[in-house]
């Protein structure tokens, strides 16, 4: 890379008496940077989904049209995450991470404040594509940072904690819609409908994301060696089974990264394909629940915003539990943990689909969703799905990081993301939108449930192959 994006050079090691204290302080500091930085990316990752009911209600776009527009996000993000991962592996995350955040926030701010940016399908598709491309600059530098600052035996826990950042950030758009609704009520004296606040759901999070980019730059650092510290493996005396100082600590060529450590890695291919169907459910529920709950389950804008928010909130304890289980109970067996969580996730999606809508004759009996037993059940099931689905999402990214040397970790994770977003997110938007438009919401749920079953089968294969892989290397997880 060049200019400010160039990796920070290694410097002379600090005196021995300063290493421990400096390492501990900088790990907290760097973690704050990647946690709050990545959380801010999620201010503007899926906030467009909350604008969709308003765009439909205002008669501006149909579900099928929004599905086409929304597909740009997955297409762009999948390509970008892979391309940017290769660039990130040879860049300074201190610059790379906040720069992408700034550009992504700018895209959403333009869409919310300037009518030309939402004036037609083509221009909206381009704007969503650009936002998705800049979003691809978020995960790779964070993954690169974690493999340099935390060793293998602690990585499952630290990645699961960090992974909750996107759930924390994902709650912000819903909260901002509630804020916009409150402002509308205070100025107009009537309850806001979806068509009244869709612009705010775009530019409120966009402005917030741009503001967050500034402190992220100041707290981030590149590698430990660029701060005068030894490698994390040396400091913790915790080496992977296949550790080789040349490949782990020295920069690799683009060909070595892509061909040797990605394309020839069979286990990485398995988890990449599984990621397609994990992401299909993750984004199928997230993207279409605001419309589904509004059209079918009779939720108002406040109920929809609360359900969207709790879906992300529930992911925090679910992801932490999944990371802890994979580390402490299953001793690093990511495939087994993901297999169990995806079985439970698919069952929860079936229950969400089967729960009946409130009979229209009874709607007047309930003043809020939490007083309505039908809607309360939907709310609980949304919570359960959010609790379960983000564990496999986290595990696949973590597994990819562990299947390649540190200098190729971002590309390995980008490879799985490429499949997840090109296959899973595009399908969650375009295919589910098309199915719901032409076959009703049952058609949309057939797609999601079928994806859940395929994810379970693929993670079963991963589980079996993972066992063979560990047996071949000698399972010394967490013993060094």
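Here, residue 1 is simply the first one shown, and the rest follow in order.
Cβ atoms here come from the backbone N, Cα and C positions, even for glycine.
For 1-36, 86-94, 143-161, 220-274, 322-334, 397-415, 464-479, the entry in Swiss-Prot reads topological domain 'Cytoplasmic', with the evidence type similarity to another entry. Residues or ranges marked as transmembrane segment in Swiss-Prot (evidence: similarity to another entry): 37-57, 65-85, 95-113, 122-142, 162-181, 202-219, 275-295, 301-321, 335-354, 360-396, 416-437, 443-463. Swiss-Prot lists 58-64, 114-121, 182-201, 296-300, 355-359, 438-442 with the feature topological domain 'Periplasmic'.
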So what's the average pLDDT for the topological domain 'Cytoplasmic' (397-415)?
77
Taking the transmembrane segment (416-437) as reference, which of 65-85, 122-142, 301-321, 443-463 has the most Cβ pairs under 8 angstroms?
65-85
Closest-packing stretch to the transmembrane segment (335-354), where packing means Cβ pairs under 8 Å, from 65-85, 95-113, 360-396:
360-396
Tell me, please, if the transmembrane segment (360-396) and the transmembrane segment (37-57) are in contact, taking contact as 3+ Cβ pairs under 8 Å between residues separated by 6 or more positions?
no
Apart from its near flanks, which chain residues at least 6 from the ends of the transmembrane segment (162-181) lie with a Cβ under 8 angstroms of it?
31, 34-36, 38-43, 45-47, 50, 142, 146, 191-192, 196-197, 200-201, 204-205, 208, 286, 301-302, 305-306, 308-309, 311-313, 315-316, 319-320, 323, 386, 390, 393-394, 397
Please count the residues of the topological domain 'Periplasmic' (296-300) that DSSP assigns to helix (H, G, I), strand (E, B) and coil.
0 helix, 0 strand, 5 coil
When DSSP states are grouped into helix, strand and coil, how many residues of the topological domain 'Cytoplasmic' (143-161) land in each?
17 helix, 0 strand, 2 coil
For the topological domain 'Cytoplasmic' (1-36), what does DSSP give as the number of helix, strand and coil residues?
24 helix, 0 strand, 12 coil
